[in-house]
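Reading through the structure tokens given below for one structure.
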Amino acid sequence: MSTPTADTGPTGADREFTGTNPTLLGLVLAVLTFWLFAQSALNIGPVMAGDTGIPQPLMNTAISLAALFAGMFVVIAGGFGDRYGRVRFLTIGLVINIVGSLLVAGAFSDLSAVMMLLGRALQGLAAAFIMPTSLALVKTYWQGKDRQRAVSMWSIGTFGGSGLAALVGGWLTGTVVGWRGLFVLSAAVAVAAIILIRPLPESRPAAGLERRLDVAGIASFLVALLSAQVVATQGSSLGWAHPIILTLAAVAAAALIVFFRVESGNPDAFIDFRLFRSRSFSGAVLANFLMNSCVGVMTVALWMLQQAGGLSAADAGYVTLGYAVCVIAFIRVGEKMLQKLGPRKPMALGAATMLVAVSFLMFTNLYQTSYIIMAAIGFSLFGLGLAFFATPATDTALSSLPDEYAGSGAGLFKMASSLGAAFGLAGSTAIFTALEETGVPALRELIPFVGVQYNVALREAGMVGIGFNALLAFIALVAILVVVPRQKRPADQIAVDSPTTHKS
């Protein structure tokens, strides 16, 4: 056996290539295919369910399936991009997105459930290819303050896209375009991204590092996540004591134990735990998971406005306008705070702002007009919190990674956000769905719910579901204060030995 020396980046003339605005636009459009278009289903899910005849619990599964598949495969895809070509895997991801979006758009009749589930799974798989490779390309072809600016623009595509998703999705659903046309538009944006990224030189810095495919690790990881996701999304409808739910919970726990045993000391592990030696990287990943787990608050608040308040998907989406505006307007403020204060303070400020934002959204006991005002303020603060958090967290994670692990490390960072979103969404919607008919009688004894009373059960379900997100935001704030380093300095880069080459 021998130990090869990995390339540190693009070779030859490609080392001199500097990212341009058109190529950066292509990368931003690529991530928008998921965060703006695929994630619009978080708002228009009830409309899609009613139009296709898919039961709401099954639609909940389909909606969360995209984030789940993105989280499951993002590290694998990032590692493959490091070895076989980041531009190549980014392009493959965009092609997969085209297929998945068209399947969702074409879901009809008896095939609607199958097409919807498959399409959402493919949208998530596409995101798994797109996220780590695009972020690794930002690290490769932009440097210094230019990279921090590029990270801010990329973050506008992710956080800004998710902020606009409810608004754009709701608005287009109410027009002649409809929700089906929304996903056709997603496919068109993917085509534009493919054209814009063509000038990017191929980047595969880990091409010389031969590693066996970690079949056991990947399989146990996927089984654990899929089982846990089904438990989270279907437990409320089947019953938490249902034999299927109990069996899947046991399978998830067993698979997770197998995963950690298989990965420990495995030189070919698809999740390289050595990357977590850096406190900066591990802190950024943990904070990213917890912050993104709060995304469920948007779905619960929007569904409650539609079901309890009678708002259309478009009108409910307008309430979130401040979210998108604040993300886009203030995301570079987070970048400047990073440069002046280091990552910890803006990340903590972002989490604290998000906690306040979620608290505003909990006041479902108010009159509808008052709640809409509170919700508009809450969504604006939610966007402001993400704007403070996004660039410091992303740049801290990237700066900690050696070049040959940029794709897989970026994959871990994005896996944290995707899994956080998937399980936060699953938990929030499961709570809301479980309580929307019965409400919480004990809650109405403590808090007066004013206004019309026929929708009190929905409002109580909304308060509890949103309160779950407040708890997550508080945990995120504590985690940032405890884990992320205080020092104002460049992130500590991880020293990872080159993996051993295996020869048969």
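Each residue, glycine too, has its Cβ placed from N, Cα and C.
All annotation found in TrEMBL is predicted automatically rather than curated by experts.
These features come from TrEMBL:
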DOMAIN    23-488  domain 'Major facilitator superfamily (MFS) profile'
TRANSMEM  62-80  transmembrane segment
TRANSMEM  87-108  transmembrane segment
TRANSMEM  114-138  transmembrane segment
TRANSMEM  150-172  transmembrane segment
TRANSMEM  178-201  transmembrane segment
TRANSMEM  213-232  transmembrane segment
TRANSMEM  281-304  transmembrane segment
TRANSMEM  316-334  transmembrane segment
TRANSMEM  346-364  transmembrane segment
TRANSMEM  370-391  transmembrane segment
TRANSMEM  412-435  transmembrane segment
TRANSMEM  461-484  transmembrane segment
>> With Cβ-Cβ distances below 8 Å as the criterion, list the same-chain residues six or more beyond the ends of the transmembrane segment (178-201) that contact it, or say none.
In response: 10, 13-14, 17, 19-20, 22-23, 25-27, 29-30, 32-33, 36-38, 40, 44, 47-48, 51, 87, 90-91, 94-95, 97-98, 101-102, 104-106, 119, 137, 141, 168-169, 172
> Other than its close neighbours in sequence, what residues sit by the transmembrane segment (412-435), given a CB gap under 8 Å and a spacing of at least six beyond its ends?
Replying inline: 42, 56-57, 60, 63-64, 67-68, 70-71, 74-75, 78, 124, 127-128, 131-132, 135, 158, 225, 228-229, 232-233, 235-237, 271, 275, 284-286, 288-297, 299-300, 303-304, 394, 397-398, 457, 460-462, 464-466, 468-469, 472
> Ranking 62-80, 87-108, 114-138, 281-304 by Cβ pairs under 8 Å to the transmembrane segment (213-232), which is first?
Replying inline: 62-80
>> Which residues of the chain, 6 or more past the ends of the transmembrane segment (461-484), have a CB below 8 A from one of its CBs?
In response: 279-280, 282-284, 286-287, 290-291, 293-294, 296-297, 300-301, 303-304, 308, 343-344, 347-348, 351-352, 354-355, 357-359, 361-362, 364-365, 396, 424, 427-429, 431-436, 439-440, 443, 447
>> Considering every residue in the domain 'Major facilitator superfamily (MFS) profile' (23-488), what is the mean pLDDT value?
In response: 89
